[in-house]
Amino acid sequence: MKSNRHMENVSRIVVKIGTSSLMHGNGKLNLQAIDQLSYTLTGLVNEGKQVILVSSGAIGAGMGQLGLTERPEQIQQQQALASIGQSELMTVYQQRFAAYGQRISQVLLTHDILDYPQSRQYVHNTIEQLLNWGVIPVVNENDTVAVNELDHRVTFSDNDQLSAIVAVRSHADLLIMLSDIDGFYTSNPHKDPHAKLIKELHQVTADSLKRAGGAGTVFGTGGMATKLTAAADILKHNQMMVLANGTNPSIIFNIMNGEEVGTLFISKENSEESNDDRVVK
Ligand SMILES: Nc1ncnc2c1ncn2[C@@H]1O[C@H](COP(=O)(O)OP(=O)(O)O)[C@@H](O)[C@H]1O
Ligand SMILES: N[C@@H](CCC(=O)OP(=O)(O)O)C(=O)O
């Protein structure tokens, strides 16, 4: 694939991976995806980059543990599932990253912590210290206490937005959002066979938001809408985001090589592209 994006100066990267990329359709953890993710992120750290992983999947992993095929409605059940699944998820991450000699840590956050200057400072200090030590912080929402964020019918806050907040606060050069789809399309490709992949977007407009629909699987939550809101936040802070397919997380290497994969969200001033938002023909 042609290399025409400039990622040479990217040194701090936030990677967000969604539940749909971490789970099989039958509710089991996708160990191959987790292994490739661990291998790839360790590879980036070995190259001298600083990496923060924002990983969903706690509720999905909890559902898998209990053999549930539908996400329960009750908040307390979702929270209990997250509590079961988070420790399973971290156990698997710990094992796979350790196989590549990479240290990781767990950071559980709620959105409101970041609204309080002192807590925000503590989070900032901790993450900076971890990155200085070459550790990969693995961030998730602290689902047991984050009641509003769990009920996606009431609010649309979730890990997509959390990853943007983390990327903004940590002044990351790039947010890579991995999902179960190749990028942002002109409409939901699972419903519209004529949907076309948008390669680059400079602005999240009301029209782009209209094109974004809900989650694709029972395990996914926010769908495309929360990814676009995250992208809007990133663009507001003059940062970059790539939305790409996480089926094979080593796609991150292609992104870092500047290859044209997924959808790049970048301000017009920072873009190499003279055309407006490009659509694959
Ligand atoms: N315009 C669009 N472009 C791409 N995907 C879309 C669009 N609108 C809705 N979607 C849906 O969003 C899904 C990705 O969101 P989600 O299921 O929440 O994944 P994740 O678990 O990775 O966060 C896609 O699989 C697709 O079904
Ligand atoms: N904290 C929740 C994350 C929910 C969430 O944002 O899920 P997703 O849309 O798959 O990224 C969990 O770990 O299950």
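Keep in mind that glycine also has a Cβ here, set from the backbone N, Cα and C atoms.
All protein chains included, D180 (ATP binding site) registers 19 other Cβ atoms within 10 Å of its own Cβ. What TrEMBL lists as ATP binding site is K16, S179, D180, T221, G222, G223, M224, A225, T226, K227.
In the three-state DSSP assignment, the secondary structure recorded for D143 (substrate binding site) is coil. Look at TrEMBL and you will find S56, D143, N159 tagged as substrate binding site.
Per TrEMBL, the feature domain 'Aspartate/glutamate/uridylate kinase' maps to 12-240.
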Relative to the Cα of M224 (ATP binding site), which of the binding-site residues S56, D143, N159 has the closest Cα? N159
Using a Cβ cut-off of under 6 Å to any atom of ligand 2, determine which of the binding-site residues K16, D180, M224, T226 qualify. none
For K16 (ATP binding site), find which of the binding-site residues S56, D143, N159 come within 10 Å, Cα to Cα. S56, N159
Find the shortest Cα-Cα separation between T226 (ATP binding site) and the binding-site residues S56, D143, N159, and name the residue that gives it. N159
